[in-house]
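> Take a look at this one; I'll ask things after.
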Amino acid sequence: MVSELRLFVEQEFQQKAQQYSAVLSSRGVKVKLEIIEKLNARFLRLNPELALCADASGLWLCANGMKMQPDWQAEVPRLKRSSLKSEMIARACNLGEKPTLIDATAGLGHDSLLMAHLGANVTLVERHPILFTLLEDSKNHAQNDAFLSSVVARIDLVFSDSADYLTQQAEQQHVVDVVYLDPMFPQRDQNQQAIKKQAQVKKQMQLLHMLLPEDGEMDLGDHLLTLAQQVAKRVVVKRPRLAVYLANLEPDHQWQGDACRFDAYFQHDLLE
Ligand SMILES: C[S@@+](CC[C@H](N)C(=O)[O-])C[C@H]1O[C@@H](n2cnc3c(N)ncnc32)[C@H](O)[C@@H]1O
């Protein structure tokens, strides 16, 4: 986990940056505010270390001359093209039934944005304080967007480790229709193959790999499956197409795509 990050901002957005800094500090991330003259591509190239920056579009993660944010606005064309019929995730999560859904591994929130657009009521859980703050900022911006505002009205954000959150739900006997798990970003060596389609996605992945722990140090999310099974009628796990099963547990059903697949586990004792 990065313990102190610089946050670059032009004078004009200093107040906003102070708010980000206070929020991040309340989540255990120390931020050093640096007022700069011009936040542009040249500045980012000259300051290649991992940092944050803030401008009119909100909070960004930056490094190696690039900057990225979850950018839900950029997802709008994809949302507009999507339908319950065309999306494999819609069949896997039974989105036609407008399910209550916990996405226990939020990341950039793109899968959940799509699921909320297609009708799910989503609780999005993320444990990384910087990613969570980026998500929160994306949601705040989306609330002012004519198309996205009705979509994000169906999304709640929770800053927590999902193991704790799911345990709490189980203790309170809260049952949801679906828990969705997508614990791992494609590994560094899979990047070229898995995401060669989009330069923007590739950039996001490079920066996220700098932020998140090395693959070897990272838990693989196996423990989340049993916890999810205690609170959901259906658990859906997104996996790279050829990856092993989560927790080595064979699913009840699979949907196979070109780059990824969805493994589904049905909890018959929780189904009415
Ligand atoms: C591959 S990404 C998810 C990508 C996401 N499906 C999307 O569409 O952007 C995995 C995310 O899950 C988060 N994560 C992994 N294990 C978690 C846990 N136990 N609790 C909360 N978040 C977790 C990681 O921090 C990372 O941001």
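Just so you know, glycine gets a Cβ as well, placed from its N, Cα and C.
Take a look at what TrEMBL says about it:
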BINDING   GLU126, ARG127, ASP182  S-adenosyl-L-methionine binding site
> Identify, among the binding-site residues GLU126, ARG127, ASP182, the residue whose Cβ has the fewest other Cβ atoms within 10 Å in this structure.
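It is ARG127 that, of the binding-site residues GLU126, ARG127, ASP182, has the fewest other Cβ atoms within 10 Å.
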> What other residues of this chain sit with their CB within 8 A of the center of the CB atoms of GLU126, ARG127, ASP182, the recorded S-adenosyl-L-methionine site?
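Here the nearby residues are ASP103, ALA104, THR105, ALA106, GLY107, VAL125, HIS128, LEU131, SER162, PRO183.
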> Please report the three-state DSSP label of ARG127 (S-adenosyl-L-methionine binding site).
coil
> Rounded to a whole number, what is the top Cα to Cα distance in Å among the residues the record ties to S-adenosyl-L-methionine, namely GLU126, ARG127, ASP182?
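Farthest Cα pair among residues binding S-adenosyl-L-methionine: 13 Å.
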